[in-house]
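A.B. asks: My questions will all concern the structure given below.
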Amino acid sequence: MRRQATVLHLDLDAFFAAVEQRDKPSLRGRPVVVGGLGARGVVSTASYEARAYGVRSAMRTAEARARCPHAAYLSGRFDAYRAASRIVMGRLREISPLVEPLSLDEAFVDLAAGDDTRDLDLDGLRALAEQVRADVAERTDGLTASVGIASSKLLAKIASELAKPDGLHVVTPGTELDVLAPLQVRAIPGVGPVTAERLRRLGVQTVADLRGVDLPDLTSLLGSAYGTSLHALARGEDHRPVVAERETKSLSVEDTFETDITDPRVLADVATMMSRRVSERLRGNGMSGRTVTLKIRHHDFETHTRSATLAGPTDDGRVIARTATGLLAEIDTSSGIRLLGVGVSGMADWVQDDLFVTDEDAPDEGLSDDRVSDDGRSDEADPDDGPDGRGPLPDADAGPETGGLPEAARDATTRTPPATLRSRPRWAPGADVVHAEHGAGWVWGSGLGRVTVRFETRHTGPGPVRTFDADDASLRPGTVEP
DNA sequence: TCTGGGGTCCTAGGACCC
DNA sequence: TCTGGGGTCCTAGGACCC
């Protein structure tokens, strides 16, 4: 906590929904909900008009539709959100070089790091904040921001919450404890439903109550790090600095399926596709990582992770896929999987030579064995088993190994979607499939090919993942529908 | 048709080393 | 033959945030 109010927190109001209303005037003044549109979707952002009907972030979209059937339901347009966010962050960097973005719509600014001749008295701060809010609205074509200013991150964030929507709240130095005392403990960022319930059982509801709990009791209830920090925050003690550059610690891709998947071959295909996406994002950021994590959510929502650490960092989709599918092979998926994810952590900015990495660290033997025995037609050589027979190369590029296969099976192993996969998807009537990505597309002895396809449209974004047999009638022109 | 996707931080236990 | 601590790395899980 500082003697002066030099921490600013800015939060854009109902950000995703506000961008939609800005870009489509017919949505202005109407309830708008942005989020997942499928059966298992949840609300990401609700406009204030939708909130009036009780629609909230993280609510199931099905429940939101029940509460507010006449709202406009939209999946996100993240490029538009990122563009707006860049403008806002740019404006904040004009105030101070020390800007800490927390997400696309939120950031801390250290006002003491910029111009030292700045007027930090309360009137000066108010004028500065109002100027920023006006500039944000002007430069983003009407998006509104709420701003909090205080002597610490904790109070600045609470202040912007108190200012919502479209307002400014400055916490006068010296009044911090008075502001905190009556608030519910949930108002402290980091106190979620579980902690709030634990505290409630101690009779603690407000921050004032929390101050009555001594440090040993708090650390025994919540653990040492969390207990200690909460003890301090309850007293308004917060010395956390505003940090501009934060290193990425992990990178992951995950997907909840429209319906649970049990087939381990389909899951392996999906994991392979996800590994490729992780690889692309790693390479796009010039990063690599050493630990590969597979995440599985079972039909009953029980969630598990399995990880393996390589000898050196990689950004290679084939290495990630081999590791991920190896981890997957150890898991019983027979009761149905609702979510699968692949991630990488232990980041580095360099890449270990693959020759050094692959042999020791790719526990994929279980997978290829499974496939051969599942199939029951394993007497012919597996053309996708890779040149060394170690397992399928997840990279689906057509190579010489696919020669001699039926036309449809060869298509199934090329990265470019064949024209026959373009169709009008049933789940988004009237929308054209703009992108269909192949999975591993692995092919076995009989010439049957399996191909995993993700259907995606311009309007609804990523859609269902489906697996086809490449010589199945479903791959004939015009007949494929997700 | 309960419960998204992308992250961060913390804890705890076991292996291993000194 | 019995028993130290400390430190680091790895794995798994959980709470939380937007």
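Using N, Cα and C of the backbone, Cβ positions are placed for all residues, glycine too.
Pulled from TrEMBL, these are the listed features:
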- A:7-192: domain 'UmuC' (DOMAIN)
- A:Asp11, A:Asp105: Mg(2+) binding site (BINDING)
- A:Glu106: active site (ACT_SITE)
- A:357-367: compositional bias 'Acidic residues' (COMPBIAS)
- A:368-380: compositional bias 'Basic and acidic residues' (COMPBIAS)
- A:390-400: compositional bias 'Low complexity' (COMPBIAS)
A.B. asks: Which of the three DSSP states, helix, strand or coil, fits A:Glu106 (active site)?
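C.D. replies: Looking at the DSSP assignment, A:Glu106 (active site) belongs to a strand.
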A.B. asks: Take every residue in the domain 'UmuC' (A:7-192), average their pLDDT values, and give the whole-number result.
C.D. replies: 96
A.B. asks: Can you count the other CB atoms that lie within 10 A of the CB of A:Asp105 (Mg(2+) binding site)?
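C.D. replies: That number is 22.
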A.B. asks: In whole Å, how far does the CA atom of the residue listed as 'active site' lie from that of A:Asp11 (Mg(2+) binding site)?
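C.D. replies: Given the Cα positions, the residue listed as 'active site' is 5 Å from A:Asp11 (Mg(2+) binding site).
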A.B. asks: Using DSSP and three states only, what is A:Asp11 (Mg(2+) binding site)?
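C.D. replies: In three-state terms, A:Asp11 (Mg(2+) binding site) counts as strand.
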A.B. asks: Going along the chain, which residues six or more apart from A:Asp11 (Mg(2+) binding site) have their CB under 8 A from its CB?
C.D. replies: A:Asp105, A:Glu106, A:Ala145, A:Ser146, A:Val147, A:Gly148, A:Ser160, A:Glu161, A:Lys164
